[in-house]
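Taken from Swiss-Prot as is:
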| type | residues | note |
| --- | --- | --- |
| SIGNAL | 1-34 | signal peptide |
| DOMAIN | 73-472 | domain 'GH18' |
| CARBOHYD | Asn147 | N-linked glycosylation site |
| ACT_SITE | Glu223 | active site, proton donor |
| CARBOHYD | Asn228 | N-linked glycosylation site |
| CARBOHYD | Asn456 | N-linked glycosylation site |
| CARBOHYD | Asn472 | N-linked glycosylation site |
Amino acid sequence: MVGHSAQHRSKSSLVSHLLILLIFITIIIEMCLYNKIFKNQRSDDIRDNFNNGGHRVPSNVQNHGTHIRDEAFISGVYYSNWSPYKPRFHFPHDINLKQVSHIYYAFFKINSRTGGIENTDSWSDLEMNLYKSLAIKNSELIKESSNNSVQNILPLGCIGELFYLKNTCSDKKFKVIMSIGGWSDSENFKIIIKDDKLLQNFVDSSVETMFRLGFDGIDLDWEFPGNNESEPRGYLKLVRMLRLKLNSLESQIFGKRTEDHFQLSIAAPAFKDKLFYLPITEIDQYVDYWNMMTYDYYGSWSETTGYHSNLFSETELNGNFAMHYMIDRFGVNSRKLVLGMAAYGRSFHIKDNKFEPFNQNTVLINKIFKGVGKPTKEIDKADGKEGIWPYKNLPKIGTIEQYDPKYVSAYCFDEKNSIFISYDNTKSVKTKAEYVTHNNLGGGFWWESCGEAYANESRSLINAFNEGLHFNVSSKPSIFQDVRVKKYYLNKYGDGGFLSPYLKHLDSRKQ
């Protein structure tokens, strides 16, 4: 009995050890597989926590600033309302509408006395008749554009033409967003955030103007809130109120929560010293996209020469740093970040021009410079701005275009006059498109449309960028394509709305 009992205990002990070993192995396997199986879910949860920033979002705002289900990418351009004038003579119908998803119309200004927003150029915005030149360019529109009865009801100005184009361009759907502010009007943001009455009037006026003129959303361009407590917090309050007002308009039109949505975006600084003081995580709850201005890293204000729209560098002045700062520090969803690119170059007159014969290995950055180059007929013809070169006129006559793959920037150098110009070209924007897809960003945009090489497809920045995206560009239609929006507009404004005659014409054409 003693021997049998010992043998039994031995077998029991062996079984126990095997069970313990099996449990241990199971735990190890589960730990190894956990990260692999649940990594994405955990990342989403962490990202959501960062986005909420520990603050509960009001029920009528929740998720309304995060419409990022579209798997396609943004390919957008800013169009300025001074573009139709000399020396640019650039009109909305000159944009390659087949290749863009968003056009940001710049700019509306703030009335500092009332808080309301106003046109910066009423003639360009609402009165200029562009249909004759449009009809000449695009023969398929000649019939309607030359029809006198129809011509009298077409909305005028650049804004009117853009609305017309997004209702007639069958090849590609795109949105037009109203941009408020800009560098020259940013001081007025500081005024309205200090006065609740002015701020409320700004919000009401912005949404009213956006809808009355047929825009698909609002883009805020405050350059830039101060590095203090009051202005960043005031910006947060402004954005929150604006999103609530847009939500209210959506509820009146659609009656309930819907995917149909007026977009709210921010043209954001891409410098650490500006981003650091902004309540990004809290603002992020209310916006759809951050248009990151990842350009103008170097210019006339700099101490040395540099690439002004580079993707990488040894310093923090580059697009890659700005994108990852938004993601890693503030927890912004990468799909809400839109990479900014420049359709222009910045020039420098290098002080030390004692180079060996210039070649692609010649170092032209981090050099002392004396101005940005004297005005020449070439510059005057280009844009009239010293130191600014529209991409379509680059490389400079007499130079050879170069490309720096380390920084992802193009440049050219005029040896005779010691002028160095940095800019984006087809190589750099295609690399940036690959960067966008690799990092799952929201897309890209350009400041501004007049610099694009529309006449030469092989030099087109937009075409090269879209090619890098494998032409996976968003084609969501304007919110004004929805019959409910048109009906609400006509009920609200009757025959007196800016778009009323044309909207009635569209309805009659469908019947």
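We count from 1, first residue shown onward.
Positions of Cβ are set from backbone N, Cα and C atoms, glycine also.
Here the features listed in Swiss-Prot are placed on the structure.
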residue	record	Cβ contacts under 8 Å, 6 or more apart
Glu223	active site, proton donor	Gly181, Gly182, Trp183, Ser186, Ala267, Pro269
Asn228	N-linked glycosylation site	Tyr277
Asn456	N-linked glycosylation site	Lys392
Asn472	N-linked glycosylation site	Glu71, Ala72, Phe73
Specify the secondary structure state of Asn228 (N-linked glycosylation site) as given by DSSP, simplified to three classes. coil
Hey, does DSSP put the residue listed as 'active site, proton donor' in a helix, a strand, or just coil? coil
